[in-house]
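**Q** Okay, here's the structure, questions in a sec.
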């Protein structure tokens, strides 16, 4: 799916970010990308911060024995932003990691934001450290990074949550939208592929159906 838009696989040693509102298909794209990495003989780390990952959905999209696939998937389900940091640190000890996925990178971060400046400063430092560790471990393992992100309101409509930090360190940024049963991916930022290209697709029970690719 993403290789159609990026004109190649998810780039290694950099962050690819997909952002959009809830229910548009971000997790489905993560699962498809995960299965692609496993097909290439790699293990995948999946950090699920929102409880979105479904074993049944993995089975539907793969059409294979899920028990066998799960041997290649290391799943973490942190319940706090600190636990998310701890999960990232564990990746340094793993072998043959081809892809690191964080589904909902700032979900726990946003839940813990409060009116106390000191606490928010601590959270911001933790987010910066997580990005640093992500990039460090991806370079060590020669792996790709795929993160999903929520949205927030802005003057121009919606924009990714997480501020300038995530925007700066994400070398690929993809927006996902939904209109009835049709989803649209738009490439907003990339070092090599053509920015502005978009891909329309449908989510089916057993996969994703590409409708067309165009430039806007």
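All positions are counted from 1 along the displayed chain.
Cβ coordinates come from backbone N, Cα and C, glycine included.
Just lifted these from Swiss-Prot, have a look:
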BINDING   20, 21, 22, 23, 24, 25, 26, 27  ATP binding site
**Q** A 10 Å Cβ contact count, applied to the binding-site residues 20, 21, 24, 26, 27: which residue has the minimum?
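**A** Comparing Cβ neighbours within 10 Å for the binding-site residues 20, 21, 24, 26, 27, 21 has the fewest.
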**Q** For the binding-site residues 22, 23, 25, which Cβ has the most other Cβ atoms within 10 Å, all shown protein chains included?
**A** 25
**Q** Take the mean position of the Cβ atoms of 20, 21, 22, 23, 24, 25, 26, 27, the recorded ATP site. Which other residues of that chain put their Cβ within 8 Å of it?
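**A** In sequence order, the nearby non-listed residues are 148, 176, 178.
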**Q** If H, G and I count as helix, E and B as strand, and all else as coil, what does DSSP give for residue 26 (ATP binding site)?
**A** helix
**Q** Work out the three-state DSSP category of residue 20 (ATP binding site).
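**A** It is coil.
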